[in-house]
Amino acid sequence: MAVVAVLVRKPLEQVSGLLRRRFHRTAPAALQVTVREAINQGMDEELERDEKVFLLGEEVAQYDGAYKVSRGLWKKYGDKRIIDTPISEMGFAGIAVGAAMAGLRPICEFMTFNFSMQAIDQVINSAAKTYYMSGGLQSVPIVFRGPNGASAGVAAQHSQCFAAWYGHCPGLKVVSPWSSEDAKGLIKSAIRDNNPVVVLENELMYGVPFELPSEAQSKDFLIPIGKAKIERQGTHVTIVAHSRPVGHCLEAATVLSKEGIECEVINLRTIRPMDIETIEGSVMKTNHLVTVEGGWPQFGVGAEICARIMEGPAFNFLDAPAVRVTGADVPMPYAKILEDNSVPQVKDIIFAIKKTLNI
(Lines of atoms letter the chains of each structure in order from A and count residues from 1; the text may use other names and numbers.)
(Lines give C-alpha, C1' and ligand atoms only; values in the text may rest on other atoms or scores of the structure.)
Protein backbone atom coordinates (compact mmCIF):
# COMPACT_ATOMS: atom_id res chain seq x y z
CA MET A 1 0.00 0.00 0.00
CA ALA A 2 2.92 2.32 0.71
CA VAL A 3 4.13 1.92 -2.88
CA VAL A 4 0.63 2.71 -4.21
CA ALA A 5 0.42 5.84 -2.07
CA VAL A 6 3.76 7.04 -3.40
CA LEU A 7 2.59 6.48 -6.99
CA VAL A 8 -0.62 8.45 -6.43
CA ARG A 9 1.26 11.50 -5.16
CA LYS A 10 3.86 11.59 -8.01
CA PRO A 11 3.48 13.08 -11.52
CA LEU A 12 2.88 10.62 -14.37
CA GLU A 13 6.40 10.87 -15.85
CA GLN A 14 7.94 10.08 -12.46
CA VAL A 15 5.55 7.16 -11.97
CA SER A 16 6.48 5.63 -15.33
CA GLY A 17 10.16 6.02 -14.50
CA LEU A 18 9.65 4.33 -11.14
CA LEU A 19 7.79 1.45 -12.78
CA ARG A 20 10.60 0.97 -15.28
CA ARG A 21 13.04 0.73 -12.41
CA ARG A 22 10.92 -1.69 -10.42
CA PHE A 23 9.66 -3.87 -13.27
CA HIS A 24 11.99 -4.67 -16.18
CA ARG A 25 11.83 -7.17 -18.99
CA THR A 26 14.47 -9.84 -19.26
CA ALA A 27 16.43 -9.53 -22.50
CA PRO A 28 15.51 -12.30 -24.93
CA ALA A 29 17.98 -15.17 -25.07
CA ALA A 30 20.28 -15.18 -28.08
CA LEU A 31 19.17 -17.58 -30.80
CA GLN A 32 21.56 -20.52 -30.84
CA VAL A 33 21.65 -22.37 -34.16
CA THR A 34 23.92 -25.25 -35.13
CA VAL A 35 25.75 -25.26 -38.45
CA ARG A 36 23.58 -28.21 -39.52
CA GLU A 37 20.39 -26.27 -38.77
CA ALA A 38 21.70 -23.17 -40.55
CA ILE A 39 22.41 -25.07 -43.77
CA ASN A 40 19.02 -26.77 -43.53
CA GLN A 41 17.32 -23.43 -42.97
CA GLY A 42 19.12 -21.85 -45.91
CA MET A 43 18.18 -24.67 -48.29
CA ASP A 44 14.59 -24.67 -47.03
CA GLU A 45 14.23 -20.94 -47.67
CA GLU A 46 15.64 -21.23 -51.18
CA LEU A 47 13.50 -24.27 -52.03
CA GLU A 48 10.47 -22.27 -50.92
CA ARG A 49 11.56 -19.16 -52.79
CA ASP A 50 12.36 -20.76 -56.16
CA GLU A 51 10.59 -23.83 -57.53
CA LYS A 52 13.56 -24.48 -59.82
CA VAL A 53 15.71 -25.42 -56.83
CA PHE A 54 15.93 -29.11 -55.93
CA LEU A 55 18.20 -31.34 -53.85
CA LEU A 56 19.60 -34.71 -54.88
CA GLY A 57 22.10 -37.13 -53.40
CA GLU A 58 22.48 -40.33 -51.45
CA GLU A 59 19.96 -40.69 -48.59
CA VAL A 60 18.95 -37.01 -48.67
CA ALA A 61 15.19 -37.71 -48.74
CA GLN A 62 13.48 -40.19 -46.41
CA TYR A 63 16.61 -40.67 -44.29
CA ASP A 64 17.05 -36.88 -43.94
CA GLY A 65 20.67 -37.06 -45.12
CA ALA A 66 23.65 -38.98 -43.76
CA TYR A 67 24.34 -36.08 -41.36
CA LYS A 68 20.68 -34.97 -41.08
CA VAL A 69 21.36 -31.72 -42.90
CA SER A 70 18.26 -32.20 -45.08
CA ARG A 71 15.99 -33.11 -42.15
CA GLY A 72 12.33 -32.45 -42.91
CA LEU A 73 12.83 -31.27 -46.48
CA TRP A 74 11.48 -34.43 -48.14
CA LYS A 75 8.31 -34.31 -46.04
CA LYS A 76 7.81 -30.67 -47.01
CA TYR A 77 8.73 -30.75 -50.71
CA GLY A 78 8.22 -34.37 -51.76
CA ASP A 79 9.91 -36.78 -54.16
CA LYS A 80 10.19 -34.42 -57.11
CA ARG A 81 12.38 -31.89 -55.32
CA ILE A 82 14.21 -33.96 -52.70
CA ILE A 83 15.61 -36.92 -54.62
CA ASP A 84 17.38 -40.02 -53.33
CA THR A 85 19.94 -41.30 -55.81
CA PRO A 86 21.79 -44.57 -56.36
CA ILE A 87 25.35 -44.82 -55.04
CA SER A 88 26.87 -43.39 -58.21
CA GLU A 89 28.42 -39.95 -57.86
CA MET A 90 29.35 -39.95 -61.54
CA GLY A 91 25.71 -40.60 -62.42
CA PHE A 92 23.83 -38.20 -60.18
CA ALA A 93 26.40 -35.40 -60.55
CA GLY A 94 25.99 -35.71 -64.31
CA ILE A 95 22.20 -35.58 -63.98
CA ALA A 96 22.53 -32.48 -61.80
CA VAL A 97 24.82 -30.71 -64.28
CA GLY A 98 22.42 -31.51 -67.13
CA ALA A 99 19.50 -30.19 -65.09
CA ALA A 100 21.40 -26.96 -64.44
CA MET A 101 22.10 -26.55 -68.15
CA ALA A 102 18.37 -27.01 -68.77
CA GLY A 103 17.50 -24.13 -66.44
CA LEU A 104 17.01 -25.74 -63.02
CA ARG A 105 19.05 -25.02 -59.89
CA PRO A 106 20.22 -28.32 -58.42
CA ILE A 107 21.89 -28.78 -55.05
CA CYS A 108 24.07 -31.86 -55.48
CA GLU A 109 25.07 -33.38 -52.14
CA PHE A 110 28.14 -35.60 -51.84
CA MET A 111 27.98 -37.72 -48.69
CA THR A 112 31.60 -36.64 -48.33
CA PHE A 113 33.70 -34.64 -50.76
CA ASN A 114 36.11 -37.54 -50.95
CA PHE A 115 33.44 -39.21 -53.09
CA SER A 116 33.39 -36.22 -55.42
CA MET A 117 36.49 -37.75 -56.98
CA GLN A 118 34.09 -40.22 -58.58
CA ALA A 119 32.47 -37.23 -60.31
CA ILE A 120 35.52 -35.09 -61.04
CA ASP A 121 34.82 -35.03 -64.79
CA GLN A 122 31.30 -33.71 -64.21
CA VAL A 123 32.44 -31.08 -61.70
CA ILE A 124 35.46 -29.78 -63.62
CA ASN A 125 34.92 -30.50 -67.31
CA SER A 126 31.13 -30.22 -67.50
CA ALA A 127 30.16 -27.73 -64.78
CA ALA A 128 33.18 -25.44 -64.41
CA LYS A 129 34.22 -25.05 -68.06
CA THR A 130 30.92 -24.88 -69.96
CA TYR A 131 30.23 -21.16 -69.50
CA TYR A 132 33.65 -20.30 -70.93
CA MET A 133 33.50 -22.88 -73.72
CA SER A 134 30.06 -21.67 -74.79
CA GLY A 135 31.22 -18.08 -75.04
CA GLY A 136 29.01 -17.10 -72.12
CA LEU A 137 25.85 -18.53 -73.68
CA GLN A 138 25.37 -21.51 -71.32
CA SER A 139 25.39 -20.98 -67.56
CA VAL A 140 25.51 -23.86 -65.09
CA PRO A 141 23.80 -22.74 -61.84
CA ILE A 142 24.62 -25.73 -59.64
CA VAL A 143 25.75 -26.21 -56.03
CA PHE A 144 28.01 -29.10 -55.03
CA ARG A 145 27.94 -29.42 -51.24
CA GLY A 146 28.83 -31.82 -48.43
CA PRO A 147 31.34 -32.45 -45.63
CA ASN A 148 35.00 -31.81 -46.39
CA GLY A 149 38.29 -32.37 -44.62
CA ALA A 150 39.29 -34.34 -41.56
CA SER A 151 36.61 -35.91 -39.39
CA ALA A 152 37.14 -38.46 -36.61
CA GLY A 153 38.41 -41.98 -37.15
CA VAL A 154 37.56 -42.29 -40.83
CA ALA A 155 41.16 -42.65 -42.05
CA ALA A 156 42.93 -41.68 -45.25
CA GLN A 157 40.24 -42.11 -47.90
CA HIS A 158 37.59 -40.04 -46.09
CA SER A 159 39.61 -37.17 -44.61
CA GLN A 160 40.97 -35.01 -47.42
CA CYS A 161 40.48 -31.26 -47.67
CA PHE A 162 39.48 -30.26 -51.19
CA ALA A 163 39.79 -26.49 -50.80
CA ALA A 164 43.00 -26.30 -52.82
CA TRP A 165 41.83 -28.96 -55.30
CA TYR A 166 38.72 -27.08 -56.37
CA GLY A 167 40.15 -23.64 -55.67
CA HIS A 168 42.68 -24.36 -58.43
CA CYS A 169 40.01 -24.58 -61.14
CA PRO A 170 38.80 -21.51 -63.09
CA GLY A 171 35.06 -21.51 -63.58
CA LEU A 172 34.28 -22.70 -60.05
CA LYS A 173 33.46 -20.63 -57.00
CA VAL A 174 34.50 -22.29 -53.74
CA VAL A 175 33.22 -21.37 -50.27
CA SER A 176 34.13 -22.83 -46.89
CA PRO A 177 31.88 -21.78 -43.97
CA TRP A 178 32.88 -21.85 -40.31
CA SER A 179 29.94 -20.52 -38.27
CA SER A 180 26.17 -20.87 -38.58
CA GLU A 181 26.01 -17.36 -40.00
CA ASP A 182 28.58 -18.34 -42.64
CA ALA A 183 26.75 -21.56 -43.44
CA LYS A 184 23.34 -19.99 -43.98
CA GLY A 185 24.49 -16.91 -45.84
CA LEU A 186 26.88 -18.75 -48.13
CA ILE A 187 24.56 -21.66 -49.03
CA LYS A 188 21.83 -19.19 -50.01
CA SER A 189 24.25 -17.13 -52.10
CA ALA A 190 25.57 -20.30 -53.72
CA ILE A 191 22.08 -21.45 -54.71
CA ARG A 192 21.24 -18.07 -56.23
CA ASP A 193 24.54 -17.84 -58.14
CA ASN A 194 24.46 -18.53 -61.87
CA ASN A 195 27.83 -20.28 -61.72
CA PRO A 196 28.82 -23.65 -60.24
CA VAL A 197 29.65 -23.24 -56.55
CA VAL A 198 31.43 -25.79 -54.36
CA VAL A 199 30.35 -25.54 -50.70
CA LEU A 200 32.90 -27.23 -48.45
CA GLU A 201 31.24 -27.97 -45.11
CA ASN A 202 32.86 -29.72 -42.14
CA GLU A 203 31.43 -32.80 -40.47
CA LEU A 204 32.83 -31.90 -37.06
CA MET A 205 31.15 -28.48 -37.22
CA TYR A 206 27.63 -29.69 -38.05
CA GLY A 207 26.56 -30.01 -34.41
CA VAL A 208 28.33 -26.89 -33.13
CA PRO A 209 25.93 -24.09 -32.06
CA PHE A 210 26.61 -20.43 -32.77
CA GLU A 211 24.66 -17.31 -31.95
CA LEU A 212 22.78 -16.35 -35.11
CA PRO A 213 22.53 -12.55 -35.49
CA SER A 214 19.08 -11.09 -36.06
CA GLU A 215 19.93 -10.05 -39.62
CA ALA A 216 20.97 -13.63 -40.42
CA GLN A 217 17.53 -14.85 -39.38
CA SER A 218 15.97 -13.03 -42.32
CA LYS A 219 14.99 -14.98 -45.44
CA ASP A 220 16.78 -12.30 -47.46
CA PHE A 221 20.10 -12.76 -45.66
CA LEU A 222 23.02 -13.41 -48.00
CA ILE A 223 26.80 -13.40 -47.57
CA PRO A 224 28.62 -12.17 -50.67
CA ILE A 225 30.80 -14.83 -52.25
CA GLY A 226 34.38 -13.55 -52.38
CA LYS A 227 34.30 -11.51 -49.16
CA ALA A 228 36.21 -12.47 -46.01
CA LYS A 229 35.30 -11.48 -42.44
CA ILE A 230 37.55 -10.17 -39.71
CA GLU A 231 36.43 -12.19 -36.69
CA ARG A 232 38.80 -10.52 -34.23
CA GLN A 233 40.67 -7.23 -34.46
CA GLY A 234 44.37 -7.18 -33.63
CA THR A 235 47.57 -5.24 -34.15
CA HIS A 236 50.50 -7.66 -33.91
CA VAL A 237 49.85 -10.49 -36.36
CA THR A 238 47.31 -11.46 -39.03
CA ILE A 239 45.97 -15.03 -38.93
CA VAL A 240 44.01 -16.27 -41.95
CA ALA A 241 41.97 -19.49 -41.87
CA HIS A 242 38.80 -21.10 -43.19
CA SER A 243 36.33 -23.68 -41.89
CA ARG A 244 37.03 -25.38 -38.54
CA PRO A 245 40.55 -23.93 -38.03
CA VAL A 246 38.98 -20.46 -37.63
CA GLY A 247 37.82 -21.56 -34.18
CA HIS A 248 41.31 -22.81 -33.33
CA CYS A 249 42.75 -19.46 -34.38
CA LEU A 250 40.33 -17.59 -32.12
CA GLU A 251 41.29 -19.87 -29.22
CA ALA A 252 44.97 -19.21 -29.88
CA ALA A 253 44.29 -15.47 -30.05
CA THR A 254 42.56 -15.58 -26.66
CA VAL A 255 45.54 -17.36 -25.10
CA LEU A 256 48.08 -14.98 -26.62
CA SER A 257 46.06 -11.92 -25.62
CA LYS A 258 46.88 -12.75 -22.00
CA GLU A 259 50.55 -12.45 -22.96
CA GLY A 260 50.05 -9.07 -24.60
CA ILE A 261 49.93 -10.35 -28.19
CA GLU A 262 46.89 -9.15 -30.12
CA CYS A 263 46.01 -11.28 -33.15
CA GLU A 264 43.77 -10.24 -36.03
CA VAL A 265 41.81 -13.32 -37.13
CA ILE A 266 40.40 -13.41 -40.67
CA ASN A 267 37.73 -15.94 -41.58
CA LEU A 268 38.36 -16.44 -45.29
CA ARG A 269 34.82 -17.74 -46.02
CA THR A 270 35.55 -17.94 -49.76
CA ILE A 271 38.49 -19.83 -51.26
CA ARG A 272 37.80 -18.77 -54.84
CA PRO A 273 37.58 -15.89 -55.60
CA MET A 274 39.88 -15.02 -52.70
CA ASP A 275 39.43 -11.74 -50.84
CA ILE A 276 43.09 -10.79 -51.00
CA GLU A 277 42.30 -7.10 -50.37
CA THR A 278 41.11 -7.80 -46.81
CA ILE A 279 44.22 -9.87 -46.11
CA GLU A 280 46.52 -7.22 -47.57
CA GLY A 281 44.90 -4.49 -45.49
CA SER A 282 45.37 -6.50 -42.33
CA VAL A 283 49.00 -7.40 -43.09
CA MET A 284 49.79 -3.74 -43.78
CA LYS A 285 48.54 -3.04 -40.25
CA THR A 286 50.08 -5.96 -38.33
CA ASN A 287 53.23 -6.54 -40.42
CA HIS A 288 53.07 -10.29 -39.79
CA LEU A 289 51.14 -13.17 -41.40
CA VAL A 290 50.24 -16.72 -40.37
CA THR A 291 47.96 -18.94 -42.46
CA VAL A 292 46.14 -21.95 -41.03
CA GLU A 293 44.45 -24.80 -42.92
CA GLY A 294 43.63 -28.47 -42.45
CA GLY A 295 44.86 -29.56 -45.87
CA TRP A 296 48.27 -30.72 -46.99
CA PRO A 297 51.08 -28.14 -47.20
CA GLN A 298 52.17 -28.39 -50.83
CA PHE A 299 50.25 -26.13 -53.23
CA GLY A 300 47.69 -25.37 -50.52
CA VAL A 301 45.46 -22.41 -49.68
CA GLY A 302 48.12 -20.99 -47.37
CA ALA A 303 50.73 -21.24 -50.10
CA GLU A 304 48.46 -19.25 -52.43
CA ILE A 305 47.86 -16.57 -49.79
CA CYS A 306 51.60 -16.23 -49.15
CA ALA A 307 52.32 -15.99 -52.88
CA ARG A 308 49.67 -13.31 -53.38
CA ILE A 309 51.02 -11.28 -50.46
CA MET A 310 54.57 -11.59 -51.82
CA GLU A 311 53.44 -10.38 -55.26
CA GLY A 312 51.36 -7.48 -53.96
CA PRO A 313 51.78 -4.20 -52.08
CA ALA A 314 51.59 -5.80 -48.62
CA PHE A 315 54.94 -7.57 -49.07
CA ASN A 316 56.87 -4.40 -48.27
CA PHE A 317 55.04 -4.15 -44.93
CA LEU A 318 56.13 -7.58 -43.66
CA ASP A 319 58.63 -7.52 -40.79
CA ALA A 320 59.18 -11.29 -40.97
CA PRO A 321 58.50 -14.16 -43.38
CA ALA A 322 54.93 -15.45 -43.46
CA VAL A 323 54.40 -18.78 -41.69
CA ARG A 324 52.03 -21.58 -42.71
CA VAL A 325 50.28 -24.00 -40.35
CA THR A 326 48.88 -26.98 -42.26
CA GLY A 327 47.94 -30.60 -41.99
CA ALA A 328 50.80 -33.09 -42.02
CA ASP A 329 52.11 -34.15 -45.43
CA VAL A 330 50.83 -37.72 -45.05
CA PRO A 331 47.58 -39.61 -45.74
CA MET A 332 45.33 -39.30 -42.69
CA PRO A 333 46.14 -42.04 -40.11
CA TYR A 334 43.37 -44.01 -38.43
CA ALA A 335 44.81 -44.08 -34.88
CA LYS A 336 43.48 -41.13 -32.87
CA ILE A 337 46.83 -39.98 -31.50
CA LEU A 338 48.29 -39.92 -35.01
CA GLU A 339 45.15 -38.30 -36.40
CA ASP A 340 45.36 -35.51 -33.81
CA ASN A 341 48.97 -34.86 -34.78
CA SER A 342 48.10 -34.73 -38.48
CA VAL A 343 45.81 -31.69 -38.28
CA PRO A 344 46.56 -28.22 -36.87
CA GLN A 345 46.02 -27.79 -33.14
CA VAL A 346 45.86 -24.61 -31.08
CA LYS A 347 49.39 -25.18 -29.80
CA ASP A 348 50.70 -25.33 -33.37
CA ILE A 349 49.12 -21.97 -34.16
CA ILE A 350 50.55 -20.39 -31.02
CA PHE A 351 54.01 -21.75 -31.90
CA ALA A 352 53.78 -20.35 -35.44
CA ILE A 353 52.68 -16.92 -34.20
CA LYS A 354 55.54 -16.70 -31.73
CA LYS A 355 57.92 -17.85 -34.44
CA THR A 356 56.97 -15.07 -36.84
CA LEU A 357 57.05 -12.53 -33.99
CA ASN A 358 60.46 -13.91 -32.92
CA ILE A 359 59.46 -14.34 -29.28
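The backbone N, Cα and C atoms fix where each Cβ goes, glycine too.
It should be emphasised that the depicted structure is a prediction, and the values quoted were computed from it without experimental measurement.
The transit peptide feature in Swiss-Prot is assigned to 1-30; the stated evidence is experimental evidence.
What Swiss-Prot records for Tyr67 is phosphotyrosine, and it gives similarity to another entry as the kind of evidence. DSSP gives Tyr67 (phosphotyrosine) a coil state; it is part of no helix or strand. Annotation for Tyr67 (phosphotyrosine): spatial neighbours Arg36, Pro147, Glu203, Tyr206, criterion Cβ-Cβ under 8 Å with sequence separation of six or more.
Residues or ranges marked as thiamine diphosphate binding site in Swiss-Prot (evidence: similarity to another entry): Glu89. Taking a C-beta cut-off of under 8 Å and a sequence gap of six or more, Glu89 (thiamine diphosphate binding site) has these contacts in its own chain: Phe110, Phe115, Ser116, Gln118, Ala119.
The K(+) binding site annotation in Swiss-Prot covers Ile142, Ala190, Ile191, Asp193, Asn195. Cβ contacts within 10 Å of Asp193 (K(+) binding site), excluding its own Cβ and spanning all protein chains shown: 17.
Taken from Swiss-Prot, the feature site 'Important for interaction with DLAT' applies to Asp319, supported by similarity to another entry. In this structure, Asp319 (site 'Important for interaction with DLAT') belongs to neither helix nor strand by DSSP; it is coil.
Secondary structure at Glu89 (thiamine diphosphate binding site), taken from DSSP and collapsed to helix, strand or coil, is helix. If you take the Cα of Asn195 (K(+) binding site) and the Cα of Asp319 (site 'Important for interaction with DLAT'), they are about 39 angstrom apart, rounded to a whole number. Neighbouring residues of the recorded K(+) site, listed in sequence order and excluding Ile142, Ala190, Ile191, Asp193, Asn195, comprise Arg105, Pro141, Val143, Lys173, Ser189, Arg192, Asn194, Pro196, Val197 (Cβ within 8 Å of the Cβ centroid).
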